[in-house]
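Asker: Quick one: the structure is below, questions incoming.
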Amino acid sequence: MVAAARVVSGVKAEGLLRGACAALAAAAALLLGLSTQTETVLLVRKKGTVKDVQALWVLAMAAASAAGYHLLQLLKCLYLGRGGGRALAWTCLLLDKACAYATFATTVAAAQACVVALDGAHALQWTKLCNIYTRFCEQVAGSLVLGMLAAVGTAVLSAASARNVFRHYYCSSHSPPAPPPETCDAH
């Protein structure tokens, strides 16, 4: 009875964290993808968008993909719980790791591109862009924070997936017949 309650609370915690990661990644993608600013520079109107910096565009696509992945995993968690075999547990672990690495790498790459936009690169004669597109840069900074929070949450989820994988092996290594892995249906 206590083990079943633990599993249900673990599934609820995983579902809550997956929902939070999906919301953070979706918010990062939307904030980044929808932010634009038009300014007049030397009598020429210029529009700053996310497509101007390729690292930001890649971050928007990666964050949107991560949000979709977390929604699919949330549905899996709601309908299957912790049920499923070792193959499903390994697949979830590998996909969680890939999502965590991709989200973290694209967020850090976009942050590096934003540092150039913030400070400029004097050796390359690149001017500071955030002096011109202030609101756009603030929105990008907000999306970077949201993307990093989503990456950290995904890393925590990959640790939970690893625990789920090794729990399958722990149950099968004992000599008495172990009960099958718990599912949400056990409550």
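Start at 1 and count along the chain as shown; that gives each residue its number.
The backbone N, Cα and C atoms fix where each Cβ goes, and this holds for glycine too.
Straight out of Swiss-Prot:
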- 1-14: topological domain 'Cytoplasmic' (TOPO_DOM)
- 15-35: transmembrane segment (TRANSMEM)
- 36-54: topological domain 'Extracellular' (TOPO_DOM)
- 55-75: transmembrane segment (TRANSMEM)
- 76-97: topological domain 'Cytoplasmic' (TOPO_DOM)
- 98-118: transmembrane segment (TRANSMEM)
- 119-139: topological domain 'Extracellular' (TOPO_DOM)
- 140-160: transmembrane segment (TRANSMEM)
- 161-187: topological domain 'Cytoplasmic' (TOPO_DOM)
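Give me the structural setting of these features: burial, nearby parts and distances.
Answerer: Here the transmembrane segment (15-35) has long-range neighbours at 49-50, 56, 59-61, 63-64, 66-67, 70-71, 73-74, 77-78, 103, 135-136, 139-140, 142-144, 146-147, 149-150, 153-154, 156-157, 160, meaning same-chain residues at least 6 beyond its ends whose C-beta is under 8 angstroms from one of its own.
Beyond the ends of the topological domain 'Extracellular' (36-54), by six or more residues, the same chain brings 60, 110, 113-114, 117, 129, 132-136, 140 to within a C-beta distance below 8 angstroms of the stretch.
Beyond its flanks by at least six residues, the transmembrane segment (55-75) meets 15, 18-19, 21-23, 25-26, 28-29, 32-33, 92, 95-96, 99, 102-103, 106-107, 109-110, 112-114, 140, 143-144, 146-147, 150, 154, 157 of its own chain at Cβ-Cβ distances under 8 Å.
Nonlocal intrachain contacts for the transmembrane segment (98-118), taken as residues 6+ away from its ends with a CB within less than 8 angstroms of a stretch CB, comprise 25, 53-56, 58-59, 62-63, 65-66, 69-70, 126, 128-130, 137, 140-141, 144, 147-148, 150-151, 154-155, 157-158.
Residues 10, 14, 17-18, 20-21, 24-25, 27-29, 31-32, 35, 50, 56, 59-60, 63, 66-67, 70, 73, 93, 96-97, 99-100, 103-104, 106-107, 110-111, 114 of the same chain sit 6 or more residues outside the transmembrane segment (140-160) yet have a Cβ under 8 Å from a Cβ within it.
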Asker: Summarise the topological domain 'Cytoplasmic' (76-97) as counts of helix, strand and coil residues per DSSP.
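Answerer: Reading the DSSP string over the topological domain 'Cytoplasmic' (76-97) gives 17 helix, 0 strand, 5 coil.
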Asker: Average the pLDDT scores across the topological domain 'Cytoplasmic' (1-14) and report the rounded value.
Answerer: 62
